[in-house]
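Copied over from TrEMBL, here are the features:
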- 20-37: transmembrane segment (TRANSMEM)
- 67-89: transmembrane segment (TRANSMEM)
- 110-131: transmembrane segment (TRANSMEM)
- 143-165: transmembrane segment (TRANSMEM)
- 172-193: transmembrane segment (TRANSMEM)
- 199-222: transmembrane segment (TRANSMEM)
- 327-350: transmembrane segment (TRANSMEM)
- 362-383: transmembrane segment (TRANSMEM)
- 395-415: transmembrane segment (TRANSMEM)
- 421-443: transmembrane segment (TRANSMEM)
- 455-477: transmembrane segment (TRANSMEM)
- 489-515: transmembrane segment (TRANSMEM)
Amino acid sequence: MVTKIFQNGVNFFTKKQNTILSAALIISGMMLFSRVLGLIRSRMLAGTFGAGGELDVYFAAFRLPDLIFQLLVMGALSSSFIPVFSSYLEKKGEDLSWKLARDVINSATLIFAFLAVFIFIFTKPLSYIIAPDFTEVQINQMVPLIRIMIVGQLFLIISNFVTGVIQSFKRFLIPALSPVLYNLGIIIGIYFWSGRYGILGPTIGVVLGCFLHFIIQVPLLIKLGYRNFSLKIDFKDAGLREVGRLMLPRTLGLAVSQIDPTVDVILASAITGGVSVFNLALNIQSVPVGLFGFAIATAALPSLSSEFSKEDLTKFKGVFLDSLHQILFLTIPASIFLIVLRVPIVRLFLGTGKFTWEDTLATAMTLGFFSISIAAQSMVHLLARGFYALHDTRIPVIASFASMLINVVTAILFVRTDLSIGGLALAASLANFVNAFILLIMLDRKVHYFNRREFFIPIVKTIFTSVVMGASIYIPVKLLDQVFLDTRYTLNLLILVILVSSFGGLIFLILSYILDIKELKILIGILKKIREFPKIFLKADVEEILSDKTPIS
């Protein structure tokens, strides 16, 4: 019996998902687990170090390693590598596909090596550029943190290309599990090493998390057929050149877009606790963006690429619209929930140890401004992947450049007002709306226009139900907070959030049912599938719990 359960578990973890629904369900489930761990990580950081001081240094130190990751991985993976690798699998077979994967991974590793050496040599002067208002003590703390984090980036960069390979085979569970282990590594660092090594504890945890992110995927990669572990690079390979051609404009666009977070760190470093508050609020608002926007967009990319390679633009538009409506159905109400419940949510997740009430209010205000654009951020994930599937990386670059200008200008203006750190979040939200608008207009033209009725009606219904839901929970929040519950205690905060969320969720579901919103039926289908998960490990034959026979539309 134990052997059967184990084998069924292995089959489940390596099972192929042929539809966006099953893939998105897998990614969302693991993303939820990862985000929960991420919130635990943030709570531990806030409670251990408070907003400011060492935690400011820790978050600022991420800027350089994250810049390398964004340029090498995000510039190549979704925009160029996955579409080209998927096309190779479809048309040229696995042997040439594996050769392409080897060439791309080795090329990325080589570029990383040069960048890492440069950063190791010039860490201190680069630290002054990133955080010009930090003290000399903070800069000296920041230098070793950056160098340690750079080591972890090697594992993370290779791991993300492995993720792209595995997802191209429509296996999503193991790659979705990797971020869970990444957060677990940081949590281990905070818990076991912060007491002895201070802020170095979570920094070492970052390296551990990066390694776990990589190593969990290696067995499945080998099982799928990867055997080419040589360090060769065939620079004459047509596939590698195609990846490079597609990657270049995207990388330039990302280089431009990375000006935004760099400017944010520069401006936030002038405010005590500013870098910490900004990043802690960003981490909370990233939960729905990652859980819904990133997960569905990631699951949609292989299908979008496949439909384009078949030259079926009608099905391409159908897949895109279904994915877009599902994203908005989940992110618009999530945005309103966070805006209304921003203070109790921040206090619930971060209010412990050295994290003060003043820290809570500053983070809550910042979270509220971030939350305005949760739907827009999620749309950008899908819209950009729509262009990548069409082998067009130029337009996302244009959109990134425009949004960058908006963000930098408004951030400089807003941070000097009473909004303080909240002004940076408001500027980011405005920029996200600009980015989403440009991408949507251009994609609409690119695919010869979406059906206006099919496009707008589900969105209007979702906005209406979400606004009504938001209005219905505002007064209960105030009454429970000020009259019935002493929210200085964590249990009462938890009760408040659960009661209000349940009431608001019920209102949203009832209105969605009355208005016959199709995405509600899909959500119900997902919940039914989740209930059936345990059967996989208890039955001798693995059931098609994540049915590949049910289309997403």
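Each Cβ is built from the backbone N, Cα and C atoms, and glycine gets one as well.
Note: the stretches the transmembrane segment (455-477) and the transmembrane segment (327-350) are in contact (3+ CB pairs below 8 A, sequence gap of 6 or more). Long-range contacts of the transmembrane segment (199-222) within the same chain: residues 13-14, 45, 49, 54-55, 57-58, 61, 141, 144-145, 148-149, 151-156, 158-159, 162-163, 165-166, 171, 174-175, 177-179, 181-190, 192-193, each at least 6 residues beyond the stretch ends and with a Cβ under 8 Å from a Cβ of the stretch.
Within the chain, the transmembrane segment (489-515) has long-range Cβ neighbours (under 8 A, six or more residues past its boundaries) at 329, 333, 337, 340-341, 344-345, 347-348, 351, 461-462, 464-466, 468-470, 472-473, 476-477, 480-481.
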